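Some features that TrEMBL has for this protein:
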- 31-69: region 'Disordered' (REGION)
- 82-106: region 'Disordered' (REGION)
- 132-162: region 'Disordered' (REGION)
- 132-142: compositional bias 'Low complexity' (COMPBIAS)
- 170-222: domain 'Amino acid permease N-terminal' (DOMAIN)
- 258-765: domain 'Amino acid permease/ SLC12A' (DOMAIN)
- 259-278: transmembrane segment (TRANSMEM)
- 290-315: transmembrane segment (TRANSMEM)
- 336-356: transmembrane segment (TRANSMEM)
- 376-395: transmembrane segment (TRANSMEM)
- 404-425: transmembrane segment (TRANSMEM)
- 454-476: transmembrane segment (TRANSMEM)
- 488-507: transmembrane segment (TRANSMEM)
- 572-595: transmembrane segment (TRANSMEM)
- 628-648: transmembrane segment (TRANSMEM)
- 654-672: transmembrane segment (TRANSMEM)
- 684-707: transmembrane segment (TRANSMEM)
- 774-1174: domain 'SLC12A transporter C-terminal' (DOMAIN)
- 930-962: region 'Disordered' (REGION)
Amino acid sequence: RRRSFACVQSGEPKDEDSPWIIHHSLKCLSGPVTPNSLSPAQGEVPPPETDSLVVDSGLKPAGPTPSQSRFQVDLVAEAGGDACGSDKTPGSDCSPLASGDKATPNVDKTAEQVGVEDAKGRFRVVNFADASAASSPDAAPAESVQNGDTVMSEGSLHSSTGGQQHYCYDTHTNTYYLRTFGHNTIDAVPNIDFYRQTAAPLGEKLIRPTLSELHDEVDKEPFEDGFANGDELTPAEEAAAKEAAESKGVVKFGWVKGVLVRCMLNIWGVMLFIRMTWIVGQAGVVCSCAIVAMATVVTSITGCSTSAIATNGFVRGGGAYYLISRSLGPEFGGSIGLIFAFANAVAVAMYVVGFAETVVELLEVAGATMFDQVNDIRIVGTITVIILLGISVAGMEWEAKAQIFLLVILICAIFNYFIGTFIFIESKEKYGFFSYDAGILLENLAPDFRGETFFSVFAIFFPAATGILAGANISGDLADPQMAIPKGTLLAILITGLVYMGVAISAGSCIVRDATGVVINSTMTDDFKCNGAACKYGYDFSSCKPVNGSQSSSCKYGLHNDFQVMSVVSGFGPLITAGIFSATLSSALASLVSAPKVFQALCKDNIYPGIAGFAKGYGKNNEPLRGYLLTFAIALAFILIAELNVIAPIISNFFLASYALINFSVFHASLANSPGWRPSFKYYNMWVSLAGAVLCCVVMFVINWWAALLTNVIVLSLYIYVSYKKPDVNWGSSTQALTYHQALTHSLQLCGVSDHVKTFRPQCLVMTGAPNSRPALLNLVHAFTKNVGLMVCGHVRICSRRPNFKELNSDMLRYQRWLLNNKSKSFYSPVVAEDLRQGTQYLLQAVGLGRLRPNTLVLGFKNDWRSADMKDTETYINLIHDAFDFQYGAVILRLREGLDISHIQGQGDSSASKDDTSAMKDVVVSIDMSKDSDGDSSKPSSKTASIQNSPAVQKGKRPTAPLNVDDQKLLEASRQFQKEQGKGTVDVWWLFDDGGLTLLIPYLLTNKKKWKDCKIRVFIGGKINRIDHDRRSMATLLSKFRIDFSDITVLGDISTKPKAESLTDFAQMIEPYRLHEDDMEQEVADQLKADEPWRITDNEIELYKAKSNRQIRLNELLKENSSSATLIVMSMPLARKGAVSSALYMAWLDTLSKDLPPILLVRGNHQSVLTFYS
């Protein structure tokens, strides 16, 4: 008799390695454990549980203190005591697994439920089903072993966790009790339940401790509800989890019923009985075997590819659509899913009409026709499809039983044929059957094409080889799709291929190509030379052969002429007719089930609008009843139309397009070399899969070239539509993996190539702060970098205290999403720094990857520099100096109204509503309600706020207080670069040669759609007596640069003295910032200059008087010539570092650009960005 142990924890938390480690000693009590063993009288009273996500309705033993509220570091005794100890029956076994004993399924249900609930108490359980029901012995009957029979309930699905022994482990090996390393810790050991996406259908999802819970300080509250490792569930997955949790006792099929039977029935179609012998007559035995082999090669490659995809992770319902969409993404998956479901629906009509035609022929022979032949076919077809619908709606189990019944008939018919080939009956000789004969085989080895070619015969046969996805199409109803799909599909291809070849060889060995049907040929004499294998049997069928170029025979029997010759050969003719009925009905039934299942999976993913209603399932098996009715309606419509000869090649091409994409999926996933591509089915090769995809495409055109073209047009149209719609799904497709792989490869390749002037692109680091706070700056730079160069939105978050990196990461995701939603092709790069300059230096040094690095710093003009702290102005000017030190170009944008709109309520997050679901999941940043300056374009304009105050919650509201006039103007100005600019001018004041950046930016702007109506006007400095010469020189240079311009203006009066009032305004501007060292002692002046380096000395004013006057004069010229321009692009004046004070340089920039239309001050890094060489 084995004993269980109950242990009571004592001791205090120990703070050596982690605040969560509990140093403890154990007191063990012998004897069976009962609930009273852990009563409050004997153990410590557990604190009230406050975590709403922890489910612990059972026994609660002594647990952690309230500070350890998230994870219960529980007693070691629970494993032995609660999970197993309450059952003292001989069947109860709780000995260590290491001893070789296995837990028996006879564990008391109540005791096990307690163990389950306690296990849940240790971790957060999300979307879990009723674990006690799932793991109870009643839920998994003995016949549930996956041996090809129907598997009931979810009991068999705990394949990785050991079924009933999931919660009944020894205390030293039980991962739930965290004793692996000799002490209690919340750091979890590996467990399959951490890696589940949903509760369906493999079991419960547990969430491992987050890094914050293990790493953050004890006094912090690091716990945040949510999913680790990007495991957020899409609405479709959440719905699937809910359905799986609700479905009890669902019917699941093994590999025999679910895959093998369906595939064999679908592949053995009518072609086997009424066309295979005709193919042998046309192509001969050798070419017929070649045709079967070619078709089998294509389907085998596709089968291996299907197996590889199906074994690369858990497969849900949806068949071919699910496999392709999860591999290649929603674009290919959505297009194939729609046409594949439609193809299956129309295939129902094809098979039913084939059945109806056979029935009507029998009625005609019996003289029992109802109306004419066409209407009889419609009546029989309608009745048949209604019966098939009833079988399907009755449930998958009934449908599976019907398939088994039909398979038995079909196999009997096949055996009936092969047995008949060995039975020689003299009465059958006149029809061309002589049993096995070497002469007949030799005669039939070579082809005898009559109005056909090898490829036309192949095109007729190949649709018979389709149907290999019949099992995969019901992947959601399979107990273990990863095992069933490869095993069943490949075995079905092998068996059916061998049978097709066997029929070809046996028919070619037994039956002659032409026969008269006459008992004996009376014309045969001794003088007449008989040709043919039938001569030795006394038959001369030479009269049947076509003469005078005719392609048709005058005889009605033989391989060439009699489609029903297998009925003649067989031991019992009516059984072949039954086989034809079985083949047609089974194929129709399989298609009738496949179409709604695939369509339901497509509807659940919500890729196309207006079809979500068909995603709803009914009953324990989640049957798509609406999909059944839609499939029935489509099939009935085509049965009534009856023009299936035109539809048939299109349907075959739809199936082939699916096969081609499945093969391409495997090639694509292997090429992407993603670590997530790890199929357990190893018998595939990426190049063989690519060859299979090419073969499928070739076969499409061989079967019917116009149908192949039509199929490609439909697939491409649906692909373009889904790509344009961009459904909000992320399935980790190989397209994403290959995109990353190519980006990485090309980035590395770029690093090995030196820069060249012809490949220069403006790659801008734009100090926008939060990207939505300065839209004018963002939009203008985006206008000339879109599809041309790199754009990075830099955001310096000034933080003197300990930074919140979690918030930083959340903002990074949220703002990058905002940029994507607003179609801004740029990146968001935030940094945390003590001041703006330090953060900008970080960005200048670290942003970018290889050659994808910024080369131009873009700032907004600091409008408030005269009222702000001069230390901020000093920092702002130093940003420009730092850019030049790092060999960056510098660009400054100034608008009269300003740039920063973050102080206007609701504007900063105006686009949050575009992604409200995602916005609510992330940390939401709300707009700072205190008015921010327009000057510092990287000053943080947002701060963390609670969810209730966030714009994401208030997205539908408008500001309650009306905007003042200034804010209205600011808001209008911030949107001016979002709209068409109309006919206007971009005035380029190219006063200094900085390498050509001042000219390149306007050229790139005017190439864009919104700026295409704007003309470039160029202004340059020159001398009065050389104006014409300077204009011609500039025109020559611009023409060599291949830059269009509308006018060139040479300014000969730049050096003219400015107006007196302009000089007075400038003097008043700089007066507050002058040092006036002549009016104080030298030591005092030096100390003041050292404390306030931005001060302007008297010597400095005198030294740079001419340069100051030039800025004043240029502003006057700008007002005269460019006051009506849409945009001014001007060379930025330079100030020597350490020689010109920040206040004076800021005054120059202010004076030069004030009271003007939008103006860009540009200074390149003086390396050529334009060339006239080819």
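Positions of Cβ are set from backbone N, Cα and C atoms, glycine also.
Remember, it's a predicted structure, so these values are computed and weren't measured experimentally.
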Review point. Among 290-315, 336-356, 404-425, 654-672, 684-707, which stretch has the most Cβ pairs under 8 Å to the transmembrane segment (376-395)?
Key: 336-356
**Study point:** Across the domain 'Amino acid permease N-terminal' (170-222), average pLDDT on the 0 to 100 scale
**Key:** 61
Review point. Top stretch among 290-315, 336-356, 488-507 for CB pairs under 8 A with the transmembrane segment (572-595)?
Key: 336-356
Point to revise | Other parts of the chain folded back onto the transmembrane segment (454-476), taken as Cβ under 8 Å at six or more residues beyond its ends | key: 253, 258-260, 262-263, 265-267, 269, 271-272, 275-276, 279, 282-283, 287, 291-292, 294-296, 298-299, 302-303, 306, 310, 315-320, 322-323, 344, 396, 447, 484-485, 488-489, 492-493, 496, 500, 587, 590, 593-594, 597-598, 601, 622, 648, 652, 655-656, 658-659, 699, 702-704
Point to revise | Contact between the transmembrane segment (488-507) and the transmembrane segment (259-278) (3 or more Cβ pairs under 8 Å, separation 6+) | key: yes
**Study point:** Contact call for the transmembrane segment (684-707) and the transmembrane segment (259-278): at least 3 Cβ pairs under 8 Å, seq gap 6+
**Key:** no
Revision key, fill the gap. Other same-chain positions with a Cβ less than 8 Å from the transmembrane segment (290-315) and lying at least 6 residues past its termini are 202, 279, 283, 322-323, 326-327, 454, 457-458, 461-462, 464-466, 468-469, 472, 475, 478, 481-482, 485-486, 489-490, 493, 497, 500-501, 504, 659, 662-663, 665-666, 669, 676-681, 683-684, 688-689, 691-692, 695-696, 699
Review point. Under an 8 Å Cβ to Cβ limit, what residues of the same chain, 6 or more beyond the ends of the transmembrane segment (259-278), are close to it?
Key: 148, 253, 351, 354, 400, 403-404, 406-407, 410, 413-414, 460-461, 463-468, 470-472, 474, 478, 484-485, 487-489, 491-493, 495-496, 499-500, 503-504, 507, 511, 559-560, 562-566, 576, 579-580, 583-584, 586-587, 590-591
Practice item. Report, as numbers and ranges, every residue of the chain located at least six residues beyond the transmembrane segment (654-672) whose Cβ falls under 8 Å of a Cβ in that stretch; write 'none' if there are none. Key: 298-299, 301-302, 305-306, 308-309, 312, 320, 323-324, 327-328, 332, 336, 339-340, 342-343, 463, 466, 468-469, 684, 686-687, 689-690, 692-693, 696-697, 699-700, 703, 711-712, 715, 734-735, 737-738, 740-741
